[in-house]
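Asker: Relevant sequence annotations retrieved from TrEMBL are reproduced here:
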- 1-20: region 'Disordered' (REGION)
- 14-46: repeat 'ANK' (REPEAT)
- 47-79: repeat 'ANK' (REPEAT)
């Protein structure tokens, strides 16, 4: 879709981009492709969550690794002041 001009920053009603949804649902190949296509790694949804937040919440370890390789911020806080590293610490992942 990106090759045909689709905008990777298009959002759904919750402000989720393709990157958020790919990380949330554990699709590392999509995450990688989006980031290689210059999709911003730290774009936030309507709750202030980045793709790294979603990958952490849903335990998408492969996506977490890719996002970190692309220098995703580990300490960006969402609207309730939670950062991805806090989520990982609570879940025992990472």
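Residue numbers in this text run from 1 along the chain shown.
Backbone N, Cα and C define each Cβ position, glycine as well.
Bear in mind that the values here come from a model prediction, so they are computed numbers and not experimental data.
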Asker: Helix, strand, coil residue numbers for the repeat 'ANK' (47-79) per DSSP?
Answerer: 16 helix, 0 strand, 17 coil
Asker: Should anything in the same chain at least six residues away from the repeat 'ANK' (14-46) have a Cβ under 8 Å from its Cβ atoms, list it; otherwise answer none.
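Answerer: Same-chain contacts beyond the ends: 2, 8, 52, 54-55, 57-60, 62-63, 65-67, 70-73, 76, 78.
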Asker: Could you give me the DSSP helix, strand and coil counts for the repeat 'ANK' (14-46)?
Answerer: 16 helix, 0 strand, 17 coil
Asker: Across the repeat 'ANK' (47-79), what is the average pLDDT of the model, as a whole number?
Answerer: 97
